[in-house]
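First up is the structure itself, then whatever we jot down about it.
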Amino acid sequence: MWITQEITPYLRKEYTIEAKLLDVRSDHNILEIFKSNDFGEIAMLNSQLLFKNFLHIESELLAHMGGCTKKELKEVLIVDGFDLELAHQLFKYDTHVDFVQADEKILDSFISFFPHFHGVKNNKNFTHAKQFLDLDIKKYDLIVCLQEPDKHKIDGLKRTLKEDGVFISVAKHPLLEHVSMQNALKNMGEFFSIVMPFVAPLRILSNKGYIYASLKTHPLKDLIAQKIEALKNVGYYNEDIHRAAFALPKNLQEILKENIKS
């Protein structure tokens with residue numbers, strides 16, 4: 001059997017699978033989990049694939065991209081996604097994580113897929129809310145948006161960010177869809193003075209790019225090497241990965257230079 005991943009509207013990848021382990025459907029999402037000899041378990045959430053053996057790559061990158069550029073990380077907001085492993089990484093900073101996800105049926109169906117599902121859900125520093133309005137009013141050190149936000153959402157989330165806070169969002173991969181990345185950078189640039197694209201170096205199974213945005217905190221100039229060295233139990237993230245994530249080939253530098261703010 002095969003499953004197909006849409007990388008772009010014109011590019012697809014196929015993966016051999018052995019069996020379907022789970023099929024759960026809600027009003028807004030479809031989650032299927034498959035067994036694969038090559039990649040362990042593979043989750044297909046709508047059109048996106050998650051590889052259980054490689055979950056740590058994105059969660060480590062996004063958590064520590066924010067955590068290692070901020071002196072203090074006390075309050076974090078995660079929206080528009082299901083990745084509880086991201087919260088697990090953020091707990092290394094003794095931070096409080098607000099996690100907004102309305103689809104509890106799908107979230108709970110990841111119980112055997114996310115290695116730290118129970119540890120995160122039962123952590124005293126974790127708050128799960130169905131809607132953002134259910135949370136206490138506060139300002140955040142870091143906001144992670146796990147889907148590409150439109151300008152309206154960027155504006156709303158920015159209002160909850162501390163003056164030196166960091167906003168990280170998912171975007172299209174700049175090599176695969178540079179026009180989409182241009183537009184995402186342009187939208188973010190209307191609200192922040194630092195706006196820089198990055199990717200996950202050496203991650204071969206992803207079609208995602210990301211954007212790091214802030215009013216004051218720079219992802220390279222404000223990098224705190226001592227915090228990186230102090231991290232324990234990480235398998236992907238280090239200082240070299242952090243810096244390499246922002247490296248762009250010459251042609252992309254030319255294409256995106258009008259929209260990058262560094």
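Here the Cβ of each residue, glycine as well, is placed from N, Cα and C on the backbone.
Look at Swiss-Prot and you will find ASP155 tagged as active site, proton acceptor. In the three-state DSSP assignment, the secondary structure recorded for ASP155 (active site, proton acceptor) is helix. Cβ-based neighbour count (10 Å, all protein chains) for ASP155 (active site, proton acceptor) stands at 13.
If you look up Swiss-Prot, you'll see ASN29 marked as S-methyl-5'-thioadenosine binding site, on the strength of sequence analysis. In this view, ASN29 (S-methyl-5'-thioadenosine binding site) is surrounded by 15 other Cβ atoms within 10 Å of its Cβ, with every protein chain counted.
Taken from Swiss-Prot, the feature spermidine binding site covers ASP83. Counting only residues at least six positions away in the same chain, the Cβ atoms of LEU55, GLU58, SER59, PHE114, LEU146 sit under 8 Å from the Cβ of ASP83 (spermidine binding site).
The domain 'PABS' annotation in Swiss-Prot covers 1-249.
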